[in-house]
Amino acid sequence: MKRVLVLLLAVAFGHALERGRDYEKNKVCKEFSHLGKEDFTSLSLVLYSRKFPSGTFEQVSQLVKEVVSLTEACCAEGADPDCYDTRTSALSAKSCESNSPFPVHPGTAECCTKEGLERKLCMAALKHQPQEFPTYVEPTNDEICEAFRKDPKEYANQFMWEYSTNYGQAPLSLLVSYTKSYLSMVGSCCTSASPTVCFLKERLQLKHLSLLTTLSNRVCSQYAAYGEKKSRLSNLIKLAQKVPTADLEDVLPLAEDITNILSKCCESASEDCMAKELPEHTVKLCDNLSTKNSKFEDCCQEKTAMDVFVCTYFMPAAQLPELPDVELPTNKDVCDPGNTKVMDKYTFELSRRTHLPEVFLSKVLEPTLKSLGECCDVEDSTTCFNAKGPLLKKELSSFIDKGQELCADYSENTFTEYKKKLAERLKAKLPDATPTELAKLVNKHSDFASNCCSINSPPLYCDSEIDAELKNIL
């Protein structure tokens, strides 16, 4: 766990369990030999907690125990050459039993209909959706030390499991680095003569790594939910809304840059990928946008590159400039092979004119742009555009209007003030509703707004919630 090479092998280990290939077995054995049983177990716990975020501590611990046991046995000198393949196949079969003690993936049942290597590869490919709402709450210093003194090993395992399941989209190397550093702090401070002073000092030292880990989890969760193409669209929308006075030429390279960083770093085994790439990105942000927006300029005055990134990441949408309405691009523009930026231009122009959170705009723009692009594949693209264009424009306008109604007053007010205005609007629309019914509606709508009406709303959760709310809109 102390070197990038080791972490690189750890990623191979994640696949070796399912694949059982000789060359992967050799990597696992080398890893086991280098780390030793204790650190290998810790690394496995982080890896499988991350891979199975819905698994219980007991389920993940049981899987880790089995993996470590088979690795120790099959990597021992004089072990049967078939040991590794036989044991991993048995582990795979055990995962398919109805009373399996191991954590379950969505899709496990389908994988279990397959046999041999095909089953192992199927299980290796299964992924949970990102945990968009981490529930981890750090205990008090006294609670931490009480649990640590009671059973240091059990405390460490529980912490690694809980933290890794909550922040599992952060790169594996970052999770390993942070959890190891955190446990080192606990070990030092809970045996210190002045635990409070010790925790204060050590947390200050850990602040940068903690922030990098949690923020990486957040941006990588969004990337995992959207994929590369839609992430690029999402990043373009956000920047257009934060700095609507900028030009496309200022914003598009930045949207592409952060998308490329996430593509490279979210699954990287290198511990310094995010730590190196994000500061470089903030320099580009400030070079391109600090003169275009006063809030951006303020963010660029922060002391560290990470603080600059956090400031710009959480920056809300700016006030809309007064601009003429934007029209859908023509078939001539869309179908022109030399005009590669036409869809980006439309996305940018619509976004900087529209007071509506990114999750809404990404949801409606992706199918709209795709539908327009499909006209280029038919023989008579002009007729296709003439037929689709007005309908798409009407659907887009209707969706935006409904979305703006759902999020009305949210970003401009405190939450208390927002709920007050929401209650007034609902009362005007539903004069016959009882106070109890109104209160229930206010809570329902405000819960939705608090999760889905800000610039960095969680895309997976909000996708289905937006559908439900639009069906019930008053």
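Numbering starts at 1 and runs along the chain as it is shown here.
For all residues, glycine too, the Cβ spot is worked out from N, Cα and C.
Looking up C376 in Swiss-Prot gives a disulphide bond whose other cysteine, out of C311, C335, C452, is C335.
Of the cysteines listed (C111, C112), Swiss-Prot assigns C111 as the disulfide partner of C122.
Counting only the Cα atoms, the space from C376 (disulfide bond) to C384 (disulfide bond) is about 8 angstrom. Across the domain 'Albumin 3' (395-474), DSSP assigns 58 helix, 0 strand, 22 coil. Across the fold, the C-alpha of C75 (disulfide bond) and the C-alpha of C83 (disulfide bond) stand 9 Å from each other.
If you take the Cα of C273 (disulfide bond) and the Cα of C145 (disulfide bond), they are about 33 angstrom apart, rounded to a whole number. C407 (disulfide bond) sits 34 Å from C384 (disulfide bond), taking the CA atoms of both as reference points.
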